[in-house]
Amino acid sequence: MLIMLTSTLILVLMVLLAVAFLTMVERKTLGYMQLRKGPNVVGFMGLLQPIADGVKLFLKEPVWPLAASPILFIVAPIMALTLALSLWMLIPMPQSISTINITLLVIMAISSLSVYAILGSGWASNSKYALIGALRAVAQTISYEVSLGLILLCLVILTGSFSLQAFIYTQEHTWFLLSSWPLAAMWFVSTLAETNRTPFDLTEGESELVSGFNVEYAGGPFALFFLAEYSNILFMNTLTAIMFLGPLGSNNLNILPIINIMMKATPLIILFLWIRASYPRFRYDQLMHLMWKNFLPLNLALFTLQLSLAVSFGGAGVPQM
């Protein structure tokens, strides 16, 4: 029990540290793409900028609207960050802290609960703008979870298990990225929408609006939402690396599994940032059209194909008990 608590605490601290420096990497990346330096004053080449930002936010006085629901107003950001950090307990690096065989189902269940944090924050603010932003965010998140779920089902048919360890064993010789690249492309776009990133950042719309569901938040509670968003970005790209980019270990290269997964997840994270610098924002109707009229029929067709191939060739992948 003590070992598990210690492991969880270390994992949470490492994730929060990674999130802090991801914000600096994003600002640096966007800066160089716009022919400027980015943060370069606090510390060597701006390395301490995330620490300064965090200290500034958490030292601010907590304020909220007079007519807001104070308990739910504070609970919502705490819930968002707790759910985002709890997902990391399921990632095998090379062993996960939580040993369950239905990892993917639990991941989908926990990520679906983040909808309640968004909706609760918008409703508790007692602001019509925050509530409209929350409803818009919830509709977007729920829509793209349908796509993510169908893609996961297609891959589960190939592996024969809901465990992430099964994905590692199945991809010993061939990555799913090569054999199932349409699924990988749709998965990547769906993770962009699920994490509310450009070009699907209709939730916030920073260049047009002040913010979305968190428009009334400032200081510490706002920082918790910020940490939850970037933790989800790191998690989704790590999950993508495990599901589509092969096993954690390597028979040919003598490198640690954690280094291997970082080498595969980092280019995906940089691609997230690159997309923010390059693409304009979708209209909301285009966002929904892409999901319900493009991704959903294609996902259902691929799911039917995978299912029929599995039955035709004598069953799905070998179940990993």
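Backbone N, Cα and C define each Cβ position, glycine as well.
Features reported for this protein in Swiss-Prot:
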- 2-22: transmembrane segment (TRANSMEM)
- 71-91: transmembrane segment (TRANSMEM)
- 100-120: transmembrane segment (TRANSMEM)
- 148-168: transmembrane segment (TRANSMEM)
- 173-193: transmembrane segment (TRANSMEM)
- 224-244: transmembrane segment (TRANSMEM)
- 255-275: transmembrane segment (TRANSMEM)
- 295-315: transmembrane segment (TRANSMEM)
Tertiary contacts of the transmembrane segment (100-120) (same chain, 6+ residues out, Cβ under 8 Å): 72, 75-77, 79-80, 83-84, 86-87, 90, 134-135, 137-138, 141-142, 145, 148-149, 152, 156, 161-165, 194, 203, 213, 228, 232, 239, 320-321
Annotated stretches the transmembrane segment (2-22) and the transmembrane segment (224-244) touching (3 or more Cβ pairs under 8 Å): yes
Cβ-Cβ under 8 Å with the transmembrane segment (295-315): same-chain residues at least 6 beyond its ends: 146-147, 150-151, 153-154, 157-158, 160, 182-183, 186, 189-190
Cβ contacts under 8 Å made by the transmembrane segment (224-244) with residues that lie 6+ beyond its boundaries: 15-16, 18-19, 22-23, 77-78, 80-81, 83-85, 87-88, 91-92, 107, 111, 114, 117, 121, 155, 164, 167-168, 175-177, 180, 184, 187-188, 191, 194-197, 214, 217, 261, 264-265, 268-269, 272
